[in-house]
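Structure record follows, encoded as structure tokens.
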Amino acid sequence: MATSTSCTGSTLLQPISKIIDLPLDQVNFVVCQLFALVTAFWFRLYLHPSKTSPFIRHVVATLLGFYLALFCFGWYALHFLVQSGLAYGVMIFTGVEHMHKYCFVVTLGYLSFCQVTRVYVFDYGMYSADFTGPMMVITQKITSLAFEIHDGLMKREEHLKPSQKYLAVRKMPSLLEYLSYNCNFMGILAGPTCSYNDYVAFIEGRCYEPKHLESNGKENGKFKQSDPSPKGAKMIQKVCTCALSLMVYLVIYTACPTERVINNTFMASNPFYIQVLYLYISMLALRPKYYFVWTLADAINNAAGFGFNGYNTDGTPKWDRISNLRILNIEFATSFKMFLDNWNIQTALWLKRVCYERCPYNPTAATFLLSAIWHGVYPGYYLTFITGIVVTMAARAVRHNVRQHFLGSATLKLMYDVITWFSTQMAICYTVVPFVLLAVGPSLKFYSSWYCCIHLLCVLLVLVLPVKSRRTKQQASEHNCLSFPDNNCNQKQKAT
């Protein structure tokens, strides 16, 4: 019910909240994002880099971001400034050699402090928009920038990996540039995370520079366009995706909430296969909530002119540079890795860049742990990511030992794809339930009702099936995808 949660932001839209029976925080969020979408078109047309200076674009983007934050979260939005200010102070007053480590600890620590106070001091279990959501994105941006500054000012060129060379920041950002990057109106509420260099190039109007070369190294001007428009079929497609996703979530998930899987009456009155089918439908209907939020955020950035990623072979512009998901690849994923590679893409890239590529010991476990800490302090998050480690290791073992036996014919390959699709969907549903239930008791009740079968199966597969270390090969592939965003990484992911 709309009255079951308190709102920390403006109450201007309270009448609408009562009419549609949704929490006011969520109504404020959606209205602000729609406002940002309209404002983004204005920003691109009337504050175009050819018409105004980067200074004005930075100021306007930052002030609009602060306004949206205040409207949604009230004075809790000051936490955004406090977190950003603390990290900027660390960047300025500590040496470059260790600045990235201090920024990481301070920024993630302040985020965790706010999450603990919100959950355990104020309102445990509040299911609505909260001020720590934007802080999670700001945390990604600050820590990414700190590592990029460290790479640009401290490391030699030959010691940087290809992706790090592209992302390295060669000079300390000004306070305005820093705040604009963290708190601009396009990404203050829902992201997505982007690199500092990409954002500054957008503000200064350099993001449309031609990147395609002929095989002889000369520039191909056939499809050259100084300022491609984000309007057209792609933008309409993203807006329609948002509308459809929101409708599916509100209609189907309301009728099939995940919490029902631990209802005693439901479990006693339905056979196990019905419970499995219900869980899949519930999770299938839950994902569109994230599709709506991330696709709308992507559309806002595109409308402002941010997100251009070169041209397709037919000359049409691509606007997926900071996209956060690929829906079809998620729904038809045939491996746990393929699902994760296409879900919350920018967060996955952040985890790779600040943790997986830099952690000297057990990077997979360290990455899952960082992801859990970043998401928050609900116990269900940790249960989900601990389970995710085991499932990832088991999926890797199966692929390494089994897949080659199904490549002999198209029929066998199709059979393998169908089996792995079903297994992946069940593993995802099973793994994510604690993420939705949040608390320990309900999560353990669910796992016990399934007799922890997927946990036991995964552990058995890891123990029985040998897996050779392929970290070097995987990192090389990841570096290529990160370094050359126009290459055909999607096909590589589909092949997994």
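Just so you know, glycine gets a Cβ as well, placed from its N, Cα and C.
Among the features that TrEMBL reports, transmembrane segment is placed at 27-47 (among others).
Sequence-remote contacts of a segment are chain residues at least 6 beyond its ends whose Cβ falls under 8 Å from one of its Cβ atoms, and for the transmembrane segment (59-82) they are 8-10, 25, 28-29, 32, 35-36, 39, 43, 47, 110, 114, 129, 131, 134-135, 138, 176, 179-180, 182-189, 203. Feature annotation from TrEMBL assigns transmembrane segment to 59-82 (among others).
Taken from TrEMBL, the feature transmembrane segment applies to 102-121 (among others).
Per TrEMBL, transmembrane segment is recorded for 235-255 (among others).
Taken from TrEMBL, the feature transmembrane segment covers 261-281 (among others).
Summarising the annotation, TrEMBL assigns transmembrane segment to 381-398 (among others).
Summarising the annotation, TrEMBL assigns transmembrane segment to 418-440 (among others).
What TrEMBL lists as transmembrane segment is 446-467 (among others).
Between the transmembrane segment (261-281) and the transmembrane segment (418-440), three or more CB pairs separated by 6 or more residues in sequence fall under 8 Å, so the two stretches touch. Between the transmembrane segment (446-467) and the listed ranges 27-47, 102-121, 381-398, 418-440, the one holding the most Cβ pairs under 8 Å is 381-398.
Sequence-distant residue pairs (6 or more apart) of the transmembrane segment (381-398) and the transmembrane segment (235-255) include fewer than 3 whose Cβ atoms are under 8 Å, leaving the two stretches without contact.
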